[in-house]
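Asks: Feature annotation from TrEMBL assigns active site, nucleophile to D8. If you look up TrEMBL, you'll see D8, D10, D169 marked as Mg(2+) binding site.
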Amino acid sequence: MRGTIVFDLDGTLIDSAPDIHAASNALLVEDGLPELTFEQVKSFIGKGVPHLVTRVLEASGLDPAGPKHAEFVHRFEARYETAVGLTVTYPGVVPALEALAGAGFALGICTNKPVGPTRAVLDHLDLTRFFGAILGGDSLTVRKPDPAPLHATVAALGGSAERTLYVGDSEVDAETARRAALPFLIYTEGYRKTPVADLPHTAAFSDFADLPALVAHHTPPRP
Ligand SMILES: O=C(O)COP(=O)(O)O
Ligand SMILES: [Mg+2]
């Protein structure tokens, strides 16, 4: 194996915000509440479903500490597995994954999205074939930015810390990589809110066509 590359999912490989926005608004409409804007819901993505629901309730003037929270999480999750129709891969993702797999890298997913909808959207976009390990926000008892899911993904791939890179789009991913002590490549076109320069990262890229060369640079061939 040439090395191990672990990817975040939402905002990194796939632009899933339109489906997450639509699913959130469907719940609000069911309850006779006003819809939220795309930018609002996009800014709530990255820390998993319970956090997203907290932010949706707050933005709707409802108490996130009240009974609505568990109810909304339940109803959101029920919709989430089929919420794939508006989601696309970012440009160049598939050729980049093909190049990396072809070069002998083991690839994995470490996302805060629950593993059910993660598998559903990967199947829908025909991406499952690339990944030897897929961990979601409910795979362990902790989620990112706790480093445990990232460590577990690397372990499931049989990788070693010295030859592993983590690729993500957000503040949560930068913090996860820092706490896991792994190099972090940041994709700049996802759902990040902080300037790239203010987040710890090894390298930044805006085009997946550049990723194979960037990865090669940071994981030199074994002597
Ligand atoms: O479900 C989320 O909140 C975001 O998931 P991500 O970790 O793939 O960005
Ligand atoms: Mg993300």
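Just so you know, the numbers here start at 1 and follow the chain as drawn.
Any Cβ shown, glycine's included, is placed from N, Cα and C.
Any idea what these are sitting next to in the structure?
Replies: Proximity of D8 (active site, nucleophile) to non-local residues of its own chain (separation of 6 or more, Cβ distance below 8 Å) is seen for I109, C110, T111, K144, Y166, V167, G168, D169, S170, D173, given in sequence order.
Look at D10 (Mg(2+) binding site): DSSP puts it in a strand. The C-beta environment of D10 (Mg(2+) binding site), restricted to residues of the same chain at least 6 apart in sequence and closer than 8 Å, consists of S16, A17, I20, I45, G46, T111, N112, K113, D169, G190, Y191.
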Asks: What count of other C-beta atoms do you get within 10 angstroms of the C-beta of D169 (Mg(2+) binding site), across all chains shown?
Replies: 24
